[in-house]
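Listed in TrEMBL for this protein:
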type     : residues : note
TRANSMEM : 113-135  : transmembrane segment
TRANSMEM : 184-203  : transmembrane segment
TRANSMEM : 274-298  : transmembrane segment
TRANSMEM : 318-341  : transmembrane segment
TRANSMEM : 362-381  : transmembrane segment
DOMAIN   : 387-493  : domain 'TMC'
TRANSMEM : 396-413  : transmembrane segment
TRANSMEM : 420-437  : transmembrane segment
TRANSMEM : 449-474  : transmembrane segment
TRANSMEM : 495-520  : transmembrane segment
TRANSMEM : 556-578  : transmembrane segment
Amino acid sequence: YCGFYAEEKLIENLASMSTSERIKAIQKMPETMKKKREIRNKVLKEITKKSKHGSTRLSCCTQCLQGPVVSLRRFGNTLAEYFHLLQLWNKTLKIIGAEFGTSVLSYFIFLKWLLTFNIFSFLINFSFITIPQFVAAEPNNLSFTGLELFTGDGYFHQTVLYYGFYTNATIRKIKNGPSYNMQLAYIFTVGIYFLICFLILLFSMAKSFCRNFISIQIYTGNASKLLCTWDFNITNEKAVKLKQKNLSTQIKEGFTEVNKEVLNLSVRERVIRIVVHLASWFAFLATAAAACSGVYFLAINNLKLFVKGQKHDQESQAATLVLPVVASLLNTFVPFFYSWLGHLERFHTPGYQIYVTIARNVILKMSIIGVLCHYWLNIVAVSESQCWETLIGQDIYRLVLVDFIFCLLGSFFGEFLRRIVGTTVCVSLGLPEFDIGRNVLDLIYAQTLTWIGILFSPLLPAIQMISFSIVFYVKKVSLLMNCQPPRKVWRTAQMSTSFMFLLFFPSLVGVLSVIGVTVWRLKPSEACGPFRGLPSMYAAVSEWIKILENYTASKWVVWIYHNLISSELFFFVLTAIVL
């Protein structure tokens, strides 16, 4: 009798709990599975009995509301399922992860992540800068020839694509109606966008670092993958096979991380290995220095021939493509040489080789961008051009477009033709592997150019958004048709953190430096753009603050400006916190 009473009391207690608490309580009971099922069934019966008894007391209004609430809940669940199915490239990423492992998958996830950055940038620039400009825009009298798609000059010169087309006037659709200050809209839109990018990257890096470096548990992770990861809701045969393959690849990567090879080299072999490493780094530095020198002298020559002449004929426009073509040639073919150096050095693991290749490509690409920024800010900005901001925007447009074309050509020559050679001419070569380091740095290089160009060409993220979408599909097809999975399966949990760090530094930090110099130090053009006639772009904010000082309701904005924005101490403390 006491046991029966105790069980009744237990069932009443479980019935009064929430669903999650009840499940945990039943799981923790030191009983057999059969006994636990019996208790669960009794609890469910008790809950049903109480609900039927309580339903007779419900008011008519409550009973009427129950149906719509249940329907809304079901609709919400169905909508969530459809959103999951419509998630961008979700199925494609699963296939790539199952076939090629997480190392190759990390590239495509990173590409998808960058695409969202550009979609966000395009939406805010188009909403707050471009749409208001359409109200005050003057008709474009230039003819469209088609060459503008490659050069960015000609017809595009007088469109919303470039800084110089935007007005410095306060826009009013209706006389004596609300006004729109284009100067403040331009500088605040760009500034807030970069602030959001900075915070998102900082948060993403911290989250990824915590997950992949601090909280990593290799052995427990492999055990959980083997015993507890299967999703029993999967019933489709193709989905089941894909899930099995994905889990198998992840477990192999985990075991490879645990069972690292230890090489016992003789003294002679170690000396040879050190000499090869030193020779490879010397060859890398020599090629990087030569590439940067070539880009600099070509840029100077480009300014003398085409900027000072201010020619707009087709021959002169086509000649402006020389600089971006040479820069893209260097960025495309020199990394192949670096990849060959990596194979020559024979690192212990594929991870070491990829990280070294990435480091070399970072130095090369950021050096080229650094040389170009020096050319733009110190030579073009003080040239005799009527609108140097538009000239920089056109240069970056050409660089982005030509880099995109060379990225597609790299997939053709580097992967498709390599597969033809490896399967017909020289069978011993076999199929190529997907070069993660080179492809990731191509993305970072393209995104860095886009970030620099936002100030001079507000719609540049739209162009990059289209190019990244095409690159994703081209790389996916090339990967599945031409490449083989990595010969050595290896775990790459830290790879995504490294990509984010490289995007943050030197990419975003360098871009913020360039934008800061442009906004605070350089004098805007006198004949074009929203900041014409001002000593600097930032002077528009200073003049706005002077106006706000006359209004009592805006004193808090003035206080923030003087005590935070204009304070060196505030930025010093903020930098110390970030670092």
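Positions of Cβ are set from backbone N, Cα and C atoms, glycine also.
Here the structure is a predicted model, which means the values were calculated and not measured.
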Legend entry - Chain residues in Cβ proximity to the transmembrane segment (318-341) (below 8 Å; excluding those fewer than six residues from its ends, i.e. six or more beyond): 147, 150-151, 153, 280, 283-284, 287-288, 291, 294-295, 298-299, 302, 305-306, 357, 360-361, 364-365, 368, 372, 394-395, 398-399, 401-403, 405-407, 409-410, 414, 435, 437-438, 441-442, 445
Legend entry - CB contact flag for the transmembrane segment (184-203) and the transmembrane segment (449-474), at least three pairs under 8 A: yes
Legend entry - Per-region confidence, the domain 'TMC' (387-493) (mean pLDDT, whole number): 87
Inset, instruction - Using a Cβ cut-off of under 8 Å, list the residues of the same chain at least 6 residues beyond the transmembrane segment (495-520) that approach it. - result: 102-103, 106, 109-110, 114, 187, 190, 194, 197-198, 201-202, 204-205, 208-209, 212-213, 351, 354-355, 358, 362, 366, 369-370, 373, 377, 381, 436, 440-441, 444, 447-448, 451-452, 455, 536-538
Legend entry - Close approaches to the transmembrane segment (362-381) from elsewhere in its chain (Cβ under 8 angstroms; 6 or more beyond its ends): 284, 287-288, 291-292, 295-296, 299-300, 303, 307, 327, 330-331, 334-335, 338, 388, 391-392, 395, 399, 441, 444-445, 448-449, 452, 502, 506-507, 510, 514, 517-518, 522
Legend entry - Helix, strand and coil counts within the domain 'TMC' (387-493) (DSSP): 82 helix, 2 strand, 23 coil
